[in-house]
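Each remark here refers to the structure printed beneath this line.
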Amino acid sequence: MRASSIKRSLGVDLTTKIKESRVLLVGAGGIGCELLKNLVLTGFGEVHIIDLDTIDLSNLNRQFLFRHEHIKKPKALVAKEVAHNFQPGAKLEAYHANIMDRQFNVGWFQTFNIVFNALDNLAARRHVNRMCLAAGVPLIESGTTGFNGQVQVIKQVRSVYTPALSDEARTNDIREKPSVTTATPKPHQNHSLFAPFGPRRHSPSIASQLFGVSEDEEAELDMTENADNAEEIANLKKEADTLKEIRDSMGSDDFAKNVFKKVFETDMERLRGLDAMWKEREAPKVLVFDELQESSASINLPNSNADQREWSMEENLVMFKDSLDRLSKRLKELQLKKTPDDPEPILTFDKDDEDTLDFVTATANLRADVFHIGRTSKFDTKQMAGNIIPAIATTNAMTASLCVLQSFKVLQNDLSNAKIVFLERSGPRAINSEGLRAPNATCGVCSTVRGALSVTPSATLQDLVEGVLEPQFGYNTQEMSISTDQGVVYDPDMEDNLPKKLSELGITNDSFLTVVDQDDINQDPRVNLEFWIVEQTEPTEGSKPVMVQTLDIPRRKKKPVTPEPDVASVTNGAAGTGKRKREGEDELLTNGHVAKKVAGESAKNGDEDVVVIGDDEGAILIDD
Ligand SMILES: Nc1ncnc2c1ncn2[C@@H]1O[C@H](COP(=O)(O)OP(=O)(O)OP(=O)(O)O)[C@@H](O)[C@H]1O
Ligand SMILES: [Zn+2]
């Protein structure tokens, strides 16, 4: 019944392709569980699942294949078992392993029709990306943070750089030119799944004034007097003295009161006095310590059950005093333990440190009231101050289904209609998409030409450099370098390495090496060449120590060439990408982009040596 309705909606052709395909799912976490269920229910014939982790209690709220009794068991194995119940006919294979292990080599990747990434870290994503590009297998990359999701098809259709299409040109519309639809991701943003959402830790300024700045540091304030700034300096001095006085009262009963009065009374009175600031906005409130103290006399300290509700002003005051007391004691203790050589001890904010979180919550709430802003619960403060981005089950579910929709395009070889899909909550539409992009000549990932390098156990670096790269590809041995994942093994200053065996240099079966052309004086350098090593145990008759099929290695053009007319005449059909279009480019996005790039920007791009597209988890760095 289910199978027949799928056939009716997808058609016989696609249904057959789905049934006959063998796919790999990397990661059985939030997206992975959803995706596995989708793949199995859609009728994918063979699904291999790999995950290195075991199930944790905290996974259960969204990784719905897992139940309490599965805790501590390998994710991949449990996911396989549970998904099998959905579709007993499906062929499932599970690996409790790291996808970065050598055993999962290029040859193994080549056995799949599609690879789905459902990972949570940069290193593994980047690794799978490289393996898929080397294996020539389409990769469907996905990721979520909070309400945002992204799905992207990555496939190198042709490893040739096409200078007429800039990296940013939308190739989805170029239906009549499938040969340039090299569907590799765009650097800067879209090798990355997400802009960096890394944790940023701010010490609230009140806290840093009390617990974070040593007296030495403060003494460094420039106190040189002159007529112009005399008044300002006098004020600064006064302020410093006041703070010192307050700090000196730390440990006494008056400390919390002194801090409160300074921050919420004195400073706010002064701020209210700056009339010009409050013409358009409501002036801050002054909180009167004695009043709040009185009304909170019989109020208890909010306990841990009160984490999820907003505290009253009285409760915030009680918490303010209590947490300040706890922090003061901690600082005093640190000061007592300090030897003369130690730096002045400080306390820093950590969302998992209850004392600091209590203090920040209470202080932020008092301050919010001063500025007529709503208060937040301790729970919400922890999310905000700790920059915690929640994993949301529905985002994962939507993202996983978008992955499956993209896989249909891949299976039908309809890459010109495949999309990079963005799921977002802000903005007019939840789902936006763009076409795939052409490779960027300056991007180390997508302009690279890849091939297999067949080597015998006795092959030397010289066999590679002088036996293959120079005669077969025309590299100038004085203007090139070769590196492995461990580092450079050859450049013109490293001729000593030439007689060494490749295996001695770490160039062994299933490893990778990159050849970089540095000859930019005589001509445009070639794009990078990446080989994966296939070791031949038995050298065959007449075979050379190092062999490789002939590859066409284009050069990185520094000067743009005129775009081909049919590229420029294609109209823009990209739906829902309004937000991403730049102003003035809306009309003809595709050709506008090409024209603009050719006119100005691509020359600039051509000079970039390193393309950095984000440095946080989820992003991918590309060294050219
Ligand atoms: N190198 C790797 N090889 C195999 N599986 C991996 C690798 N790196 C990460 N994973 C798996 O990818 C999955 C990512 O899923 P998800 O982002 O939901 O992570 P999680 O660890 O389950 O959840 P959270 O990070 O929110 O606690 C995890 O199950 C993780 O074990
Ligand atoms: Zn790229």
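Quick reminder: no glycine exception, Cβ is built from N, Cα and C everywhere.
Keep in mind that TrEMBL annotations are predicted by a computer and have not been checked by a curator.
Sequence-distant neighbours of Gly30 (ATP binding site) (same chain, six or more apart, CB under 8 Å from its CB) are Asn59, Arg62, Gln63, Ala118, Thr144, Ala391, Ala393, Asn396, listed in sequence order. According to DSSP, Gly30 (ATP binding site) sits within a helical segment. Annotation source TrEMBL lists ATP binding site at 27-32, Asp51, 59-62, Lys75, 120-125.
According to TrEMBL, the feature compositional bias 'Basic and acidic residues' maps to 168-178.
Summarising the annotation, TrEMBL assigns domain 'THIF-type NAD/FAD binding fold' to 9-414.
According to TrEMBL, the feature domain 'Ubiquitin-activating enzyme SCCH' maps to 295-382.
For 168-200 (among others), the entry in TrEMBL reads region 'Disordered'.
Residues annotated as region 'Disordered' in TrEMBL: 557-588 (among others).
DSSP assignment over the domain 'Ubiquitin-activating enzyme SCCH' (295-382) gives 51 helix, 0 strand, 37 coil. If you average pLDDT over the domain 'THIF-type NAD/FAD binding fold' (9-414) in this model, you get 83.
Asp120 (ATP binding site): 19 other CB atoms within 10 A of its CB, across all protein chains. Local packing around the Cβ, expressed as the count of other Cβ atoms within 10 angstroms, is greatest for Gly27 among the binding-site residues Gly27, Ala123.
Residues Gly27, Asp51, taken from the binding-site residues Gly27, Asp51, Asn61, are distinguished by a CB atom under 6 angstroms from ligand 1. DSSP assigns Ala123 (ATP binding site) to a helical segment in the three-state reduction.
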